[in-house]
Amino acid sequence: MAQFQQLGVQPWLAKQCGYMALNTPTPIQQRCIPAVLAGRHVVGGAATGSGKTAAFALPIMQTLAADTYGVYALVLTPSRELAYQIIDQFIAFGAPLHVRTMLAIGGVATETQIDALKARPHIVAATPGRLRHLLQTFAPEVKKAFAHLRYLVLDEADRLTEGEIQNDVWALLRLLPSATQNRQVLMFTATLHRRLTSFGPAPEGAASVLSELGITDPQTLEVVVVQGAINESGGTATEGTTHAANDAEATSSHVVRSGGSPSALAPSAASTSSPASSLSSFQLPDTLHQHYLFIPNMVKLPYLVAALRAQGKSQSTIVYVNSCLRAELVRLTLQLLGFPVCSLDSLLTQQHRLDNVASFKLGISRILVCTDIAARGLDIPMVGLVLHYDVPKHADTYVHRVGRTARAGREGHSVALVTEYDVSLIQRIEKRTKSKLALWKSPAAKEAAILPLLDEVSSAKIQAKQQVTEQFGDRVQTKKAQAAAKKDERARAQTAAMAQARARREGRAQEQRQRRDAPRPGSEQRRESDEGSAVSSLSAKPIAAKRCRSASAPASSKKLKTNAVGATLAMKTKGSVRKTSSTKSSGGPAGTRAGRKTA
């Protein structure tokens, strides 16, 4: 309790932390809570299970106590289950304030959500797609509720700023009221990518994530990386606090501060860690033990059954697959074999999903078979084993999957069932996370443990296929049709956008040609006046014929010049003849002198 108060948390809120068994703040909480209370934008990267939710929930609740009008904080999440979990945290921290919360997620009637927004809840947790729909369809009622929004939180920020979900995020932000001067943006993730901290434009020329979120001043941004982040390009990022550089181009040369202290500058840390890589990191807990098992693809399900039977009955296990249909197939197969199992995927209704999560958390179902919608944020402390029935295609997905175990310092294990088609995926994951998966040497991994299970598992799988087709066949076809329609809509929108861009380019080019070809205003009058002045000057001041030679008649000019030369020669010849005759008549030189004197 006292340690939270040292971070600036008020006594009543620190006492509430004690009720929730939060006695010592985690590193991410130690560094982020003071920064948020100081009014800074924060990007926080820490391993899964390190208390990131409390790192933004506590300062939000403290400032909310001073002003409790309207929607005070909006938390965006990529999944519905994570939104439920975040709301539970806010309800627990804000119990003394009787905080009002609201969920804007799919699977719930929009009328109910509109009524909840009209009641001006303090905290709203939403998935981007549903909130965008509410803002577009019911703009006046919904937009008015967010007029005093103080905090915008992106939980699992790396997921929210990539792919199709990113378009929903940017669209709903444009539909919200304009950001006030004191609005803060908080982003948290376990896989910290450089795009979350860069002020420069995106590689494809789009605006940066920070500019889309309204963060334009690097001095207001604080980047926090804790627990030895394993970076994307190799090496280990230094634990500490990073402050944005003074200008957009210098954000690659962030200053790493040791211990999160704003005054304790650590030059050695800054010089030894790569700034670019430290901001693009994958973080794995030190207590996580990673394994792999290389098996033929045809017997993957029997190996899964053997691995689950080898686990203790009190240990919870999560099995990850890459598709909804496969999740239900594996779940039904295990159920027919007598395992206490439930599933979590988008084929289930929202209430069914919530019931299954509650069943798994309470230990009623010891095994959870799920897709990657359960890879992020779910806080289930006692998960001892994560089994990758299907190897993930991306390293950050793997990081979030294994983050469901080894939480808060506990031991955890991860086993990937690697087939002949998954070798390159595992090699890529090892390279990106700078870790090596060890061979799983459990007795359940031996061939002798698999052979007796082949017939039993094969029979159960056949029955499960029939049930999956009966229960989910229509729903799968509907989802496929919806996905195809959505893909066509995106293609049409992209085609229309390209056509509009081409039309704009052609319009600009035509305008430039018209401006270039059109005469300038008054140019004809100036030309006529110039010609008139030239003519008047010629008539007022005659010019010698030699200077007025016409360029259009060079032959006549040359002829005139020849005639002038001939006339000159004739005059000289005539003069010489006259001189000779006068000399003869005077009788020689004396006569010439006499004639000159007489003259």
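Including glycine, each Cβ sits where the backbone N, Cα and C put it.
Note: TrEMBL annotation is automatic and uncurated.
The compositional bias 'Basic and acidic residues' annotation in TrEMBL covers 503-530.
With DSSP classes pooled into helix, strand and coil, the tally for the domain 'DEAD-box RNA helicase Q' (2-30) is 18 helix, 0 strand, 11 coil. Under the heading domain 'DEAD-box RNA helicase Q', TrEMBL lists 2-30.
As annotated by TrEMBL, domain 'Helicase ATP-binding' applies to 33-192.
The average pLDDT for the domain 'Helicase C-terminal' (300-450) in the predicted structure is 93. Among the features that TrEMBL reports, domain 'Helicase C-terminal' is placed at 300-450.
Residues annotated as region 'Disordered' in TrEMBL: 484-599.
The annotation motif 'Q motif' is assigned in TrEMBL to 2-30. Within the same chain, residues 37, 44, 46, 50-52, 54-55, 58-59, 61-62, 65, 92-93, 95-96, 224, 226-227, 239, 260 sit at least 6 positions outside the motif 'Q motif' (2-30) and bring their C-beta atoms closer than 8 Å to a C-beta of that stretch.
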